Amino acid sequence: MTAAITVDARLPVRRRPVLVIAGAAFLALVVLAAAFAPLLAPYAPDAVDLSASLVGTGGDHPLGTDASGQDLLSRVLYGARTSLIAPLALLAIAALLGVTLGTVAAWRGGWVDTLVSRVTDVMYAFPGLLFVVLIIAVFGAGITTSVLGLGLAFAPTIAKYTRSVALTERAKPYVDAYRVQGMGGVRICVRHLVPNLARSIVGYLVVLFGEALMSLATLSYLGFGSQPPSSDWGLMVQEGQAAIVQGALLPALVPGTAIAAVVVAFNVVGVWAADRLGARR
Amino acid sequence: MKLRNITAAGALALATACSGATTGASTSGTEAADLTLIPTTARATGSVAAVNWLLEDEPDSLDLDTQGGSAGRTVLGNVCERLYQLQPDMSVRPSLVRQAARPDATHLVLTLRDDVTFHDGSRMTADDVLFSLKRHAEPEMEQSDEFGNVSAMRKTGDHEITITFKQPDALFTKALAGDAGLVYNREQVEKAGEDFGTPGQSDACSGPYELSGWKSGDSITLTRADDYWGEQPLTGKVVFRWADDSAMVNALATGAADGTYADNIGTAAALRGKKGLDEHFGPSTSTLALIPTERGGLADPDIRKALSLALDRSGIAKSGYGGLVEPWATPVGSGAWGYAKDAFAAAQKQLTDAPAKPDAQDLAKAKELVKNAKKAPAEPIVIGTDSSQGRMVIANAVRAALTQIGLKGQIKTVPAAQYGEFYGDKEARADIDVLVADWYISKSDPFGFYDNGLSDSANNWVGFKSPEYDAKVAEGLRTLDDAKRAELAIDVQRRFADAAVWIPVAQMPTALVLDDKLTGPPASMAYLYYPWAAQLGAKKG
């Protein structure tokens, strides 16, 4: 554990922090907006007002409304909850599976490593979204199925990464020292090896967050994820796109911009964090 | 990974910002009351060398016996002719039939025209007509149900066909103005065999245009038939291409296409007021409706009536369809009024359980109905739809209406490709209580719709049962006299509305979008069965 920290501390900061600070500040704002959506949103996110369909920006509706007269500001604020929590849940599932598989493969080696590596190779070769669509075809559409499916789809990526860093970690002297003391493999992995990998894995997960958010938004956009009247941003883009030909940009532009901004911010912060935490090698 | 994410996110925002939009975020819909439905456009006086016409999609086949669909009908209405012809005002009159007689209620004698020639130059004969009718009646063909009452079809003269019915059939001649009345050149159809209607085959028809090319995936071209037996069209060539909604809007707005009959009324809404284009709206049988399903959330007629009373139809028309649909109290549009128009219009006004905009009284009545309902739903009512804008607005309006009357609604969407399964597959709609639907009938007679409420109808999903209703429908379908049949239709219509078997939302007109230098074709739904391009030409000669 100590060795890893020493190496990471010597890494140069490769990026001017202005963008990172801006990105982190923006993400903090988004998290606050999501947390306090009920206080900040002027309307309920699913409140329908057919007399205010596709109105532009103005006092009653600062970001306008969609075709059903639903307030876009309220929807995008509430939508931040789904759009932040769902990728977190997805990555938690993927990390649980991926870290377990990657650690077992690296620790046991031999046929176990070969088997895990080939299985993850096969899954890695299969398009993730297509895999999830197949799962949805069996279990039905919805945000829960999407999160579970994408969690499975992301797991091989994390497993491969974990295996690679765990192989390096396993070769370090402290692991042999614990073995000499008679400590079992499971205990070494759970109490020492995985905690020592945590910084790298967390850095990697932060980078993956943007991709997870985009994948979930894509599924909702395609009608496989969140269902109406949810204010999931991907679903909002889908619902708003028909209004574009009627000259109303905001119903698609507002959630589209929210997705783009959060993904970019997560990438900027994530890449910086990954550098600092030694996740990028 | 970073680059991929940023690129994808940026592309999403860029696509969102740039997809065909030209103005800011404010549109205003037309009030439905402003919309005037006209059967046809002004007569054209000048000739046109060629027009580019848009379809929503490429026809699967140009054999309407095996693949019916509006794209194929839009093309073939100009190429193939029918025994009867649906007129722009939605009435029906003889076409390839010179004269029709009913010696008694179960016999129809058709005397055929003797001056009709097919595009290969051969004369239309009674054998061709009999062959065509028998082909349409084959069990696997799309129109076979129109021949359910027919017991025999015989050639009884050189130019005469006699049709014998098991019982009087009031709708049969109307069916003969549809795909059941298409007349094909027997020799050509038999020569083409299973390839008939596919790219590379000739058309085997007698209409004002002949099929001169079908490049699969690209275009269909019709050329004026020089030896046409009737009046020569003003337009020499019609080239059909297909485009999705946004491409259609762009093509029409930029002049890349000259016109379309917009299947999606949203296309017409997007082109409202665009320079260089005229829009015409005509009567259609199409409606938007809510169809309660077998699942049972709307099994109680009082709950269905309550929902109907609380539904904001005006809001739906304006928000979901740019004001181009009209709040409507019956499940069939005014295009079905092929006769007794005044009687049907007056009867429509008597139906008060489907208000355009519910007032306090309607809402109070709706709440009372829910309060006293025998089978009030314990779980949220599941509303099935796809995610198209109009249907989503209806689904949201239904959810809002249910909330207003103390019930809960939940929306279930499926991808557009899967949406069609709701109509034909009971399993597909097993998880929904009500379907946001659109529906049209091919015949200009309300009885073409009301058989959907029969106890044993496949489209009576909610299980409405009424022996009196069944008897009235059966009587109406046997009644050949228009005035008497109209009375029966109005009675049946009232019973259907009282039981709220379906919940009507709005009638959807036919939308014709046309270059402003062109005129002539019908604006009504007749275009599906009528040689509309033969009327198309320049405004000035």
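The chain as shown is numbered from 1 upward.
Every residue gets a Cβ built from N, Cα and C, even glycine.
For A:80-270, the entry in TrEMBL reads domain 'ABC transmembrane type-1'.
Tertiary neighbourhood of the transmembrane segment (A:18-41): same-chain residues 71, 73-74, 77-78, 80-81, 84-85, 261-262, 264-266, 268-269, 272, selected by CB-CB distance under 8 Å and a gap of 6+ residues from either end. Marked as transmembrane segment by TrEMBL: A:18-41 (among others).
Cβ atoms under 8 Å from those of the transmembrane segment (A:84-108) belong to residues 30-31, 34, 116-117, 120, 143, 146-148, 150-164, 166-167, 169-170, 185, 189, 193-194, 197, 201, 205, 208-209, 212-213, 215-216, 232, 262 of the same chain, restricted to positions at least 6 beyond its ends. What TrEMBL records for A:84-108 (among others) is transmembrane segment.
Taken from TrEMBL, the feature transmembrane segment covers A:128-154 (among others).
The transmembrane segment annotation in TrEMBL covers A:201-224 (among others). Outside the transmembrane segment (A:201-224), and at least 6 residues removed from its termini, the chain residues within Cβ reach (under 8 Å) are 83-84, 86-88, 90-91, 94-95, 99, 128-129, 132-133, 136, 141, 143, 145-147, 150, 153-154, 157-158, 161-162, 165, 230, 232-235, 237-238, 259, 262-264, 266-267, 269-271, 273-280.
Taken from TrEMBL, the feature transmembrane segment covers A:244-274 (among others). Tertiary proximity for the transmembrane segment (A:244-274) is limited to same-chain residues at least six positions away from its ends with a CB under 8 Å from its CB atoms, namely 15, 17, 19-20, 22-24, 26-27, 30, 54, 56-57, 63-67, 72-73, 75-76, 79-80, 83-84, 202-204, 206-210, 213-214, 217, 233-234, 236-237, 280.
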